[in-house]
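Listed in TrEMBL for this protein:
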type     : residues : note
ACT_SITE : 94       : active site, proton donor/acceptor
ACT_SITE : 158      : active site, schiff-base intermediate with acetaldehyde
ACT_SITE : 187      : active site, proton donor/acceptor
Ligand SMILES: O=C[C@H](O)COP(=O)(O)O
């Protein structure tokens with residue numbers, strides 16, 4: 001079933017994570033999110049407090065990133081980053097999994113790190129999304145990463161940072177949905193540019209979408225393209 005405008009908007013994180021993002025662009029992002037009623041604005045950590053202030057009289061939440069975009073920061077650094085973001089007003093954190101440790105077979109360390117951040121988020125009534133960066137993983141690794149995120153207490157598993165060689169694909173979402181328990185949600189992100197692509201990702205099992213082109217996803221009359 002095709003979601004209504006409001007339902008679709010409520011599944012989107014209106015995202016601006018470019019390194020050259022300015023304060024005035026964050027003001028515009030927040031105004032657009034309030035008007036369209038997106039789920040969150042996803043902003044760089046340095047703008048969390050500012051965005052929370054801009055959105056204080058709206059229902060739009062602030063989301064930010066941790067260990068972004070490469071994921072190989074040590075746990076103490078990620079924990080501090082997460083703690084500061086939550087103190088500044090973030091209600092959702094998109095944390096990059098330690099892909100380097102994962103690829104080295106150090107799965108317990110990866111799970112322990114996610115578990116620490118999940119516990120912190122839940123203590124502060126916030127949600128943790130874990131970015132596994134599917135562009136860097138094969139199918140077996142995607143399945144393993146999903147199971148590890150689920151057992152560590154993540155609320156969502158997210159496909160991509162938007163800074164790797166590719167973003168979310170339908171195949172990623174289908175595989176992730178098959179690999180995750182039904183209570184763990186999926187966020188598709190990276191390169192989602194059209195309403196047709198957005199609807200296909202939702203139909204494949206995504207619960208949330210992250211896009212730096214969110215307004216276009218709400219447009220009804222686009223040229224179909226994936
Ligand atoms: O987390 C979300 C991504 O950074 C968004 O990627 P995008 O800029 O390709 O839409």
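Note: Cβ is positioned from N, Cα and C throughout, glycine not excepted.
Unlike curated entries, TrEMBL annotations are predicted automatically.
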Can you give me the Cα-Cα distance between residue 94 (active site, proton donor/acceptor) and residue 158 (active site, schiff-base intermediate with acetaldehyde) in Å, rounded to a whole number?
8
The residue listed as 'active site, schiff-base intermediate with acetaldehyde' and residue 187 (active site, proton donor/acceptor), Cα-Cα, nearest whole angstrom
4
Relative to the Cβ position of residue 187 (active site, proton donor/acceptor), how many further Cβ atoms are located within 10 Å?
28
